[in-house]
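Participant: Below you will find the structure I want to go over with you.
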Amino acid sequence: MEQDYKPHEIEEKWQKKWNESLIFQADPDKREKFFITIPYPYLNGNLHAGHTRTFTIGDVVARHKRMLGYNVLYPMGFHVTGTPIVGLAELIASRDPQTMDVYEHLHGIPGDILPTLDTPEKIVDYFKREAEKAMRMIGYSIDWRRKFTTTDPTYKKFIEWQYIRLEEKGLIVKGSHPVKWCPNDNNPVEDHDILYGEEATIVEYTLIKFRYNDLVLPCATLRPETTFGVTNLWVNPDVDYVKARVEKDGNEEFWVVSKEAFRKLTFTDRTVEYVEDVPAKSIIGIKLTNPITGDEVISLPASFVKPENGSGIVMSVPAHAPFDYLALRDLYDADLSEYGITEDLRDIKLISLIQVPEFGEFPAKEIVESMGIANQKAPKAEEATKIVYRREFHGGVLKEITGKYRGYPVSKIKDVLTRDLIASNAGETFYEFSEPVVCRCGTPCVVNMVKGQWFLNYSNPEWKAKVYKCLSQMRIIPEEYRVEFENKVDWLKDKACARRKGLGTRLPFDKEWLIESLGDSTIYMSYYIIARFLERGDLALEQLTLSFFDYVLLGIGDSAAVSAETGLKQELVEEIRSHFNYWYPVDLRSSGKDLVPNHLLFFLFHHVALFEEEKWPRALAVNGFVSLEGQKMSKSKGPILTLESAVSAYGADITRMYILSTAEQTQDADWQKTGIDSARRQVDRFYSFAKDVIESGKRATLSTELKLIDRWMLSRMQKYIMETNIALDSIQTREAIQNSFFLLINDVRWYQRRGGEALLYYVLDNWVRLMAPFTPHLCEEIWEAMGHEDPISLAQYPLDNEDLIDEGAELAEEAVKSTLNDIEEIVRVTKMTPQKVYLYTAPAWKAEAIRCACELQIEAPLEVGALIKTLMANPELKRFGKEIPKFVQKIIPEFKSGGAERYETFAYLGLDEQALLKESASFLEKEIGCPVEIYSADSPEYDPQKKSRFAEPLRPAIYIE
């Protein structure tokens with residue numbers, strides 16, 4: 001081995017060997033298979049550290065399973081459909097300054113190449129090459145024979161087949177539905193199309209129609225039941241309002257809304273015409289009619305009303321909304337004469353409509369006063385609002401003032417009341433984003449009620465029932481995300497599945513539409529199996545007929561008929577079908593948590609719709625995001641750390657180890673330079689250890705006579721092997737690395753510090769295999785240096801041997817270590833230079849007391865009185881009656897706080913502490929730098945300060961001269 005660890009040299013060497021040996025190409029054989037997939041990357045930029053985490057987790061699982069003897073298929077494709085790549089090409093073609101800057105300096109595209117990427121096709125070709133290069137650089141064990149892009153003509157045939165079959169099942173419908181919409185592109189937008197607001201959802205509001213003469217001033221609310229408690233409306237005097245003619249279902253009305261709201265209304269299923277501007281001042285101070293109660297309410301000025309939210313006019317419920325109460329109270333002494341308001345606003349009576357266990361009649365007033373909130377601008381106002389809203393929603397019940405709705409839980413009234421409001425023309429539904437959304441083209445998006453749009457009928461209860469069944473049979477990792485998936489299924493509504501612009505596959509039964517980018521990425525895992533035969537040159541485009549897909553993917557029809565129709569050999573058709581039957585279903589789909597409400601959900605829906613139950617996915621795993629020095633990464637805006645630049649700077653294995661060890665599962669990771677530098681130092685230590693062991697030439701086996709420290713090392717190794725396998729099975733990569741590296745390296749250091757050397761080769765042999773899924777290049781290099789000809793990637797992963805677990809050795813070594821630590825702490829605190837150290841092991845009666853406590857706790861939880869009574873009943877112990885209560889009161893808390901296992905091992909194995917410490921005396925003397933003498937507290941030959949009385953089992957008393 002080289003003297004120093006040179007990651008790039010090692011990594012290039014082994015990537016070349018893997019590529020030449022084809023060891024990651026997987027075809028059916030007699031082994032048990034494991035088919036793992038991760039979402040293929042979207043090619044509108046270079047892969048970044050966020051991709052690195054998801055992809056590397058997938059690779060670790062694949063490598064682990066491969067070393068456990070599974071036949072592992074880990075394939076990869078490239079997603080390019082939709083509008084982002086088209087939009088990027090247009091920006092590059094127009095030399096948009098921000099785009100050119102981001103893609104040259106953050107994505108690292110050379111300045112002479114970037115301007116040439118001015119068509120979608122050129123962008124796809126460029127980023128496809130770059131993505132594969134980056135994935136190879138970091139060492140992913142991918143079967144590259146199966147790669148494809150979602151604009152391949154053969155893939156389009158596959159998508160056409162899928163949508164024809166979904167339409168035949170009645171799962172694709174045509175109608176009107178609210179969708180995220182870019183007015184500039186005149187297209188629905190999905191998450192991949194969005195510049196800002198990727199996590200925004202479409203929220204259904206209820207518009208309450210407050211009337212003033214022949215005008216309607218609509219107010220949007222998520223809580224229509226609070227209309228019973230409205231005392232006034234809020235109008236912003238600085239906002240531009242308009243009068244509009246609004247017609248829906250033959251009903252014509254004139255509405256007053258903000259200009260921003262007017263624009264949004266034009267995208268709804270209403271006919272909307274501008275009539276005239278309306279000065280804000282003219283609608284402040286007017287008296288309107290509450291459409292539910294018939295009460296008269298006044299409109300008041302409020303600068304906090306945002307024109308872009310809802311209608312730009314807000315209803316006020318001061319009894320239940322802290323902001324409304326504070327805003328109204330802030331106006332009590334204001335001069336509102338310019339609006340013609342002369343009333344004393346203190347005369348406005350709060351209206352209580354919800355009974356909440358934690359509050360009295362007016363929750364908003366109560367919480368404002370109890371929290372000491374001075375005005376509406378106080379920081380605590382937002383917190384107060386959330387508290388009241390949460391408690392009312394989850395525990396509130398409507399009062400008698402709500403009439404026939406009395407007794408309804410707040411959480412269940414919205415749909416019922418909204419339905420009634422619409423029927424009486426007192427309200428309408430209105431859709432709004434949960435946060436602003438901007439298309440990648442730079443245009444603010446709107447919620448558009450599209451007519452004649454194609455939708456996937458995800459609201460279909462029978463379809464949902466199959467998804468629930470699938471989920472109930474699946475493993476969800478981590479398990480707590482099961483509820484998240486079930487809730488998302490419950491809430492999922494019909495979704496637009498087609499667009500008019502972008503890259504993609506034409507809807508086979510309506511060629512004017514293109515299938516949108518999430519809709520064509522649901523069952524592509526099955527296409528990986530077909531892609532193998534496409535790569536081999538066995539299939540032509542025209543042979544990919546509906547009957548072909550029906551047979552090879554669904555088993556419908558027969559091979560002879562498919563052969564006759566397509567011209568394919570019957571044996572080939574049957575071979576493809578057998579490959580599908582071997583590999584399917586997907587054993588694990590691993591992805592980032594941002595894809596739970598969309599891609600992962602649609603993955604389940606489409607699988608249960610098309611495939612038989614035995615082919616439904618078996619497991620889903622979810623992981624968190626990656627930020628860069630505390631900032632969210634963005635391919636289009638920055639900051640960004642590309643996968644290639646990370647590997648170029650630090651090496652593949654260091655990058656892998658760092659990204660896998662910084663956070664667990666759904667926790668978000670933060671890439672920090674200090675952290676990656678630390679990972680480099682740790683990997684250096686591992687390399688140095690391996691080099692030293694190999695160069696020593698020692699090859700001791702387990703048949704060698706073992707000392708206590710050897711038995712300890714063997715036992716610890718078995719536990720780390722066991723814990724690593726358990727962690728990897730649950731895809732807890734941080735926990736796995738903690739056990740297979742950080743904890744283990746500490747124990748190896750202790751083993752060497754204690755003079756252990758007989759098992760160093762055994763340790764390395766297991767350690768290097770434990771680490772192979774995480775740092776595969778380095779481990780291949782070490783494995784080869786150890787004399788192995790076959791790659792470590794195909795070696796047997798370590799499995800723990802329970803026969804080698806030695807609890808006694810572990811307890812004994814823990815006692816030695818803790819004794820040394822105690823001595824060192826005393827020396828540090830006293831600042832003395834020890835001349836001699838005396839150790840006193842526990843007297844026999846205390847050891848017996850521990851044994852009795854262990855037996856007693858089997859029957860019932862330990863209690864002071866019961867243990868004292870038991871000990872005092874023992875004639876041998878009774879003579880220590882004065883000391884027993886103190887000792888019992890000391891050890892019981894230790895038993896209850898996690899010390900029971902140590903004491904049980906001590907008692908049942910009969911650890912001889914005096915013999916142990918005498919055997920370890922030379923080690924202690926070397927560490928402390930002075931002589932050490934060991935006595936039993938039962939007969940101390942030298943104890944000038946009576947320290948022996950403090951001796952306890954596993955904690956000898958110490959006297960230092």
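Cβ atoms here come from the backbone N, Cα and C positions, even for glycine.
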Participant: In Swiss-Prot, which of the ranges 167-171, 432-436, 632-636, 817-821 has the motif ''KMSKS' region' annotation?
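Facilitator: Result: 632-636 is the stretch Swiss-Prot calls motif ''KMSKS' region'.
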Participant: When you get a sec, could you say which of 41-51, 690-700, 877-887, 888-898 is annotated motif ''HIGH' region' by Swiss-Prot?
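Facilitator: Matching range for motif ''HIGH' region': 41-51.
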Participant: Please list the DSSP helix, strand and coil residue counts for the motif ''KMSKS' region' (632-636).
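Facilitator: DSSP classes over the motif ''KMSKS' region' (632-636) add up to 0 helix, 1 strand, 4 coil.
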Participant: Where does the mean pLDDT land for the motif ''HIGH' region' (41-51)?
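Facilitator: Averaged over the motif ''HIGH' region' (41-51), the predicted model reaches a pLDDT of 91.
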Participant: Among all protein chains shown, how many Cβ atoms are found within 10 Å of the Cβ of Lys635 (ATP binding site), not counting that one?
Facilitator: 21
